[in-house]
Amino acid sequence: MANTTIIGIAGGSGSGKTTVTNEIMKNLEGHSVALLAQDYYYKDQSHLTFEERLETNYDHPFAFDNDLLIENLKDLRNGHAVEVPTYDYTNHTRSNETIAFEPKDVIIVEGIFALENKTLRDMMDVKIYVDTDADLRILRRLVRDTKERGRSMESVINQYLNVVKPMHNQFIEPTKKYADIIIPEGGSNKVAIDIMTTKIQTLVSKQ
């Protein structure tokens with residue numbers, strides 16, 4: 001499907017990327033849409049010991065297999081189905097299971113580093129950065145990681161201060177300059193989301 005529209009959605013952890021993504025998908029009813037979460041593409045670490053895997057910095061660009069993501073995107077854009085990897089967060093490596101993806105009218109690539117890789121950026125028709133206050137982002141991360149991932153509040157805060165925050169400032173925040181659209185206040189900014197989805201609907205209808 002050479003006329004596939006590719007949308008990139010980036011922003012820090014807890015910024016509201018998922019909310020924005022869901023709003024876009026909801027407003028694109030009538031078009032087929034696929035979501036490729038960048039988290040699917042954490043690198044395989046089966047060659048490392050479990051202890052070594054625990055030391056992986058998942059908030060660094062090197063943690064992601066962008067080559068495979070780019071290859072999958074090219075195949076989908078050319079009308080070919082792909083098998084997308086999944087990640088086992090318990091064993092900290094790639095799972096043996098994959099997810100079958102068919103070509104779609106619209107493909108959304110969502111992740112903290114969605115705009116970091118130039119080759120990936122150049123494939124995108126629309127680049128979005130979800131910009132949310134750091135205090136709100138850490139609060140959302142606290143709720144998510146303690147409730148959904150069973151982590152202690154202390155471990156989440158320590159990880160944020162020692163890894164997440166410095167990686168955000170070094171690698172994620174600078175990608176804001178590549179965005180066509182910046183959405184302040186994340187998913188709660190209904191006006192910005194409405195304007196953005198209207199633009200995307202117009203673009204998709206022309207493809």
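Placed from the backbone N, Cα and C atoms, the Cβ positions cover glycine too.
As the structure is a computational prediction, the values presented were derived from the model and not from experiment.
Pulled from Swiss-Prot:
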- Gly11, Gly12, Ser13, Gly14, Ser15, Gly16, Lys17, Thr18: ATP binding site (BINDING)
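Most other Cβ atoms within 10 A: among the binding-site residues Ser13, Ser15, Thr18, that distinction falls to Ser15. Apart from the site residues Gly11, Gly12, Ser13, Gly14, Ser15, Gly16, Lys17, Thr18, the chain places the Cβ of Ile112, Val130, Thr132, Arg137, Arg140, Gly186 no farther than 8 Å from the centroid of the site's Cβ atoms, the recorded ATP location.
The secondary structure of Lys17 (ATP binding site), as reduced to three states from DSSP, is helical. The binding-site residues Gly11, Gly14 differ in how many other CB atoms lie within 10 Å of their CB, and the one with the most is Gly11. Minimal Cβ crowding within 10 Å, among the binding-site residues Gly12, Gly16, is found at Gly16. Secondary structure from DSSP puts Gly12 (ATP binding site) in coil.
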